[in-house]
């Protein structure tokens, strides 16, 4: 299923959502260029600014070097498919959430959800040496907020069957609810060590989504509370 659009029009131009998308794209273009020019420096950048859970077991004090990856990992991506998938979801759901929060509250909410997702990921797999990057945890928080804010919305979805495109409307609560359940299922399998190893941070997705649901009332404009 490929979500194309929702049925809730934006009240105003989603300035902050667009800026977040542009920032992520610009950083990704920088990553591509750096990888071409100096692969070793690229790997050092990912290692320094990505989120590596086991690293925090060795830190005795909280300093900038320790805390910065909880923000910086949100804006790094590993491939074109990774960045396009994440930013398409952000474009689809973020504008309406920004409507309810306002630009600067929305920015704070987005970053907070990314931090929450990162904390849940570290808590769920504290011995992992695998670097985690990507905005999917923060975007999951936006999806969680949308789930609560727009229960009557519909998602226009493309379902290709035998190369024939079918367009159907799915209630947003069902679309997002099924997405969350698949993430929980995958997280449980990952924690149990079942199936093949995956570099997808399912716990971060679940933590971000649930965090977004819980935190969204505190970031709404007063008239929407």
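Yeah, the Cβs are placed from backbone N, Cα and C, and that goes for glycine too.
Owing to the predicted nature of the structure, the values given are computational and were not obtained by experimental measurement.
Per TrEMBL, the feature transmembrane segment maps to 12-32, 70-94, 106-124, 130-148, 155-180, 200-219. The domain 'Peptidase S54 rhomboid' annotation in TrEMBL covers 68-219.
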Stretch-averaged pLDDT - the domain 'Peptidase S54 rhomboid' (68-219): 93
Range from 12-32, 106-124, 130-148, 155-180, 200-219 with the greatest count of C-beta pairs under 8 A to the transmembrane segment (70-94): 130-148
